[in-house]
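Enquirer: My structure is below; once you've seen it, I'll send some questions.
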């Protein structure tokens with residue numbers, strides 16, 4: 001037996017209570033090693049880098065599976081080990097990767113993985129979970145097993161919106177962008193980023209908006225939002241709902257979730273005419289919010305024709321996951337990107353302290369999945385003329401993922417100018433995030449029948465996702481492939497962004513954090529997008 005994964009301590013707020021009852025059943029998933037992970041990464045970049053002969057020729061699910069599936073030898077070797085140790089309720093499940101799934105009592109699992117499982121409680125929420133700080137597997141299975149869950153990864157997904165304020169509208173919206181200096185509405189964004197008001201035309205064009213941890217999207221709130229802020233749209237414009245893991249979407253003011261309403265209102269209400277699907281993930285995932293997080297993208301992946309854009313406004317700290325578990329999730333994003341899906345996430349709202357504000361951390365904490373190189377991370381701005389960086393916009397450098405080649409030219413000047421500032425507090429060779437930014441302060445929504453103003457990168461994510469969906473609509477109409485995995489396109493066309501060079505630093509961990517500077521920076525990325533320039537970079541004109 002050799003140690004496969006370990007961590008020195010549980011994340012902050014998790015308290016070890018002691019060993020659970022030895023007969024407590026735990027549901028395990030062993031992720032088997034893919035046959036050709038590196039081959040899939042090459043295929044992803046081949047279809048995503050402008051100018052490559054394969055650009056836009058996205059892969060089918062069968063083609064991706066040929067890379068991600070486990071070998072028959074891996075399945076047999078791990079199955080034999082488990083059955084020799086008394087595990088008989090085995091099931092092989094294929095999602096993006098192949099998993100061996102089984103249940104085992106705690107005492108059996110302790111012997112199987114040469115470890116000691118404990119019960120941990122997340123103090124703020126009261127959520128209890130069974131985990132260990134180290135586990136082992138047979139040496140001859142190391143090349144066959146990627147990760148075992150639940151073991152050493154701690155996960156508690158949280159929405160990225162940091163603050164909510166309630167209020168009533170005091171005046172009608174002015175047609176001038178200058179009126180948007182205090183409150184952001186769809187009309188502000190249309191004028192600020194040149195987003196069209198004309199409806200999309202392609203019925204195959206779709207946006208997926210996941211909802212987690214009992215945040216539910218309300219039809220009545222969307223109608224009130226459209227009546228008030230998009231009077232040029234039919235107020236009965238709505239969204240479809242799909243559920244996984246026992247998810248639901250109950251209606252009524254008592255069920256209104258600001259996160260879900262924000263995401264739906266700034267996709268339906270900004271990507272005019274694009275079909276929007278709310279995917280409600282329930283509690284019945286294998287164990288832990290990260291798998292609910294993973295279940296959403298595996299659900300999309302298994303569709304014959306998945307939505308071309310997904311906007312997600314939930315995240316957590318990178319170090320809550322082990323490197324292997326983070327890689328496992330990130331590789332699912334890689335697979336979905338290879339199929340032509342743009343994955344867009346708010347960067348987080350804790351500045352350099354990651355997904356949540358923390359002034360006591362002794363090194364910068366990157367948020368997840370912002371550090372994953374196969375997604376597009378969107379930071380936050382506020383104000384107009386000029387737009388400025390927000391102090392909560394998460395950004396920095398992944399501790400797990402190396403900097404991808406597509407952003408090296410953009411990130412290197414920032415690091416050179418930074419010099420030795422914060423040396424040792426972050427991984428200077430890590431993937432830099434966010435990639436871009438958009439408005440994220442005082443964004444107006446309706447929830448529970450009330451006007452609400454939201455701060456957080458939960459706002460900026462769906463705003464940019466809507467712009468991508470509208471570009472895709474025109475690409476589909478022109479008979480061209482959709483944008484798919486965005487980052488090589490974005491970093492190859494930096495002129496489509498308005499560079500944000502001033503504002504507030506993203507403070508955290510007892511420091512002032514990073515500043516917005518000329519060029520890419522780890523608070524606003526490449527800057528804020530312009531739709532007409534995006535369209536032109538995609539080979540279209542505004543007449544298309």
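Cβ atoms are placed via backbone N, Cα and C, with glycine included.
From TrEMBL, for reference:
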- 183-541: domain 'Peptidase S53' (DOMAIN)
- 259: active site, charge relay system (ACT_SITE)
- 263: active site, charge relay system (ACT_SITE)
- 458: active site, charge relay system (ACT_SITE)
- 499, 500, 519, 521: Ca(2+) binding site (BINDING)
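For the listed features, I'd like the structural context: burial, neighbours, distances.
Expert: For the domain 'Peptidase S53' (183-541), the model's pLDDT averages out at 92.
Annotation for residue 263 (active site, charge relay system): same-chain Cβ neighbours under 8 Å, separated by at least 6 residues, are 209, 211, 217, 278, 311, 313, 458, 461, 462.
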Enquirer: Can you list, in sequence order, the residues of the same chain other than 499, 500, 519, 521 whose CB lies within 8 Å of the CB centroid of the Ca(2+) site?
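Expert: Those within range, site residues removed, are 501, 516, 517, 518, 520, 524, 525, 526, 527.
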Enquirer: What is the number of other Cβ atoms found within 10 Å of the Cβ of residue 519 (Ca(2+) binding site)?
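Expert: Excluding its own Cβ, residue 519 (Ca(2+) binding site) sees 16 Cβ atoms within 10 Å.
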Enquirer: Let me make sure I understand the structure: which of the recorded positions listed (259, 499, 521) has the fewest other Cβ atoms within 10 A of its Cβ?
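Expert: Fewest other Cβ atoms within 10 Å, among the recorded positions 259, 499, 521, is found for 499.
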Enquirer: 458, 500: which of these recorded positions has the highest Cβ count within 10 Å of its own Cβ?
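Expert: Going through 458, 500 one by one, the largest Cβ count within 10 Å is at 458.
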